Amino acid sequence: MSRLQFQLQATDGHARRGRLTFPRGTVETPAFMPVGTYGSVKGILPEQIRALGAEIILGNTFHLYLRPGLEVIGDHGGLHGFARWDGPILTDSGGFQVFSLAHRRKITEQGVTFSSPTDGARVFLGPEESMKIQKVLDSDIVMIFDECTPYPATEDVARRSMELSLRWAQRSRDAHDGLGNDAALFGIVQGGVHPDLRSRSLDGLQAIGFDGYAIGGLAVGEPEHERNAMLEHLHPRLPAERPRYLMGVGRPEDLVEGVARGVDMFDCVMPTRNARNGHYFTSFGTVRIRNAKYERDLDTIEPGCGCHACSSGYTRAYLRHLDRCNEMLAPMLGTLHNLWYYEKLMADMRAAIASGTFVEFRRSFYAARGATTPPLPGETS
C-alpha cells in the first residue's frame, strides 16, 4: 500500500490544483520537477533547488544503475542520502533511456539488452530489474518499466509496443509489491498518437491499479497539435482522484497547455540544458544571451525577476561576457534563473486555478509574448 496521498483542491476548466503528500514532504500541483540525471541538478546545490520553489526532483534509474552503481548508493541509504536532498524524488524506470539507444538495444518479451553507453558492456534491464533498482534508490515515486513508442509509428507498431508495455506494467506491479516497496508506483500510458490505443492502454493500467498515471511517448518529436489531442482524449478518461504526469515535456508553452488539459506534473531538462547554452526564459520570451545585441545591455535577464541572478543585479552584458569566456558562473546563474522562472510559472498557475482565473492567466501569458492565445477544444480563435 502506497503512502502517497493526493488531494484535488480546485479545478478551473480542465486545469487542476492539488497536493501530493509523502512521508518526506508535500508537493503542490501542478508541479515542475527539475531533472537530476546523475543525482544532481546540474550547476546548483540542493538547498538552492529548494529555495527557488521546487519541492520534488527527478532521478534517472538507468544512469545511476550504470554509474556509480547500486552498492555505492546503497551505502548512503538510498538516493536521498547520496544526493543530500530530503524532499520527494521521482525515479524514471530507464525505459526512455533504453529507447534513446536505438541501434544498440534488443527488445524481447523479457526486457531489453543493450550496450552500456559508459563502457560498452552488455546490460539487461526488464521490469523486475527496474523495480529492484528503484527499491535500492528508495525513491518516493517509482515508474513502471515500459517501452517508449517512437514517433512516427504505424498503428500496428504502436499497438504491439503498447501491448508489450501493458504486460511489463503487470510485471512491474507484481515485482514492486513483491519487494514490499511502499513507494508510489505510477503506470505509463502509451499508444503513440492513436486515441483508441491510448484508451486501451489506460484501461489496462487501471485494471492493474496504480497510484498515479503518467502519459508517455509525447516528447519524441510529435507535432504539438497531436500531443494536445492525446491529452484532450485522455482527460475525461483518467481517474480524477489520481495524479497525472506528462513525461519529458517542458517548454513554458507546453506547461501552460498541459495544465489547461488537466496535467498535474511535468519534468524536462530544458530549463537547465538551455541555461548551459545561453538561453534564458522570461515572461516575454527567450533571451539568447550570445546575441550581439546584449553586449552592452545593462538590464538583468528579466527586470523585476526574483531569482538570484536578477535580484543581485547581474546584467545581460556580464552574462554574455561570462558565456563567451566559458566561465562556470554563466550556466550557474542561468540555471538559477530558468528554474526560478519555471517554478514561478507553476506557482502562478496554481494561484490562478485556485482563484478561478486560469483563462485570464493563460491569455495574459501569451499576450506578454506577443502571441495569440491558441483556442482550447470548444473555443474559436
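For all residues, glycine too, the Cβ spot is worked out from N, Cα and C.
Pulled from Swiss-Prot, these are the features on record:
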- Asp92, Ser93, Gly94, Gly95, Phe96, Asp146, Gln190, Gly217: substrate binding site (BINDING)
- Asp92: active site, proton acceptor (ACT_SITE)
- 248-254: region 'RNA binding' (REGION)
- Asp267: active site, nucleophile (ACT_SITE)
- 272-276: region 'RNA binding' (REGION)
- Cys305, Cys307, Cys310, His337: Zn(2+) binding site (BINDING)
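Overlay of Swiss-Prot annotations on the structure.
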residue	record	Cβ neighbours (10 Å)
Asp92	substrate binding site	31
Ser93	substrate binding site	28
Gly94	substrate binding site	28
Phe96	substrate binding site	21
Asp146	substrate binding site	31
Gln190	substrate binding site	30
Gly217	substrate binding site	33
Cys305	Zn(2+) binding site	18
Cys310	Zn(2+) binding site	23
His337	Zn(2+) binding site	28
Counting only residues 6 or more past its boundaries, what in the same chain has a CB within less than 8 Å of a CB in the region 'RNA binding' (272-276)? 34-35, 41-43, 286, 331, 334-335, 337-339
Students should find that the Cα atoms of Cys307 (Zn(2+) binding site) and Gln190 (substrate binding site) sit apart, in Å rounded to an integer, by 37
Top Cα neighbour of Cys305 (Zn(2+) binding site) in the set of recorded positions Ser93, Gly94, Asp146, Asp267: Asp267
So what sits near Asp267 (active site, nucleophile) in its own chain, CB-to-CB under 8 Å and at least six residues off in sequence? Phe32, Met33, Pro34, Val35, Leu58, Leu90, Tyr245, Met247, Gly248, Gly250
Cβ contacts of Gly95 (substrate binding site) (under 8 Å, same chain, 6 or more positions away): Ser130, Met143, Phe145, Asp146, Glu147, Cys148, Ile188, Gly216
Average model confidence [pLDDT] within the region 'RNA binding' (272-276): 98
Enter the number of other CB atoms within 10 angstroms of the CB of Cys307 (Zn(2+) binding site). 25
Compute the C-alpha separation of Gly217 (substrate binding site) from His337 (Zn(2+) binding site), stating it in Å without decimals. 29
Spatially, which candidate from the binding-site residues Asp92, Ser93, Phe96, Gln190 is nearest to Cys310 (Zn(2+) binding site), comparing Cα atoms? Asp92
Given the Zn(2+) site residues Cys305, Cys307, Cys310, His337, which other residues of that chain have a Cβ within 8 Å of the mean position of their Cβ atoms, reported in sequence order? Thr300, Ile301, Glu302, Gly306, His308, Ala309, Ser311, Leu336, Trp340, Tyr341
Structural state census, the region 'RNA binding' (248-254) (DSSP three-state): 3 helix, 0 strand, 4 coil
Excluding Asp92, Ser93, Gly94, Gly95, Phe96, Asp146, Gln190, Gly217, which residues of the same chain place their Cβ within 8 Å of the centroid of the Cβ atoms of the recorded substrate site? Val98, Phe99, Met143, Ile144, Phe145, Glu147, Cys148, Ile188, Gly216, Met247
At the Cα level, what's the spacing in Å between Asp92 (substrate binding site) and His337 (Zn(2+) binding site), rounded? 25
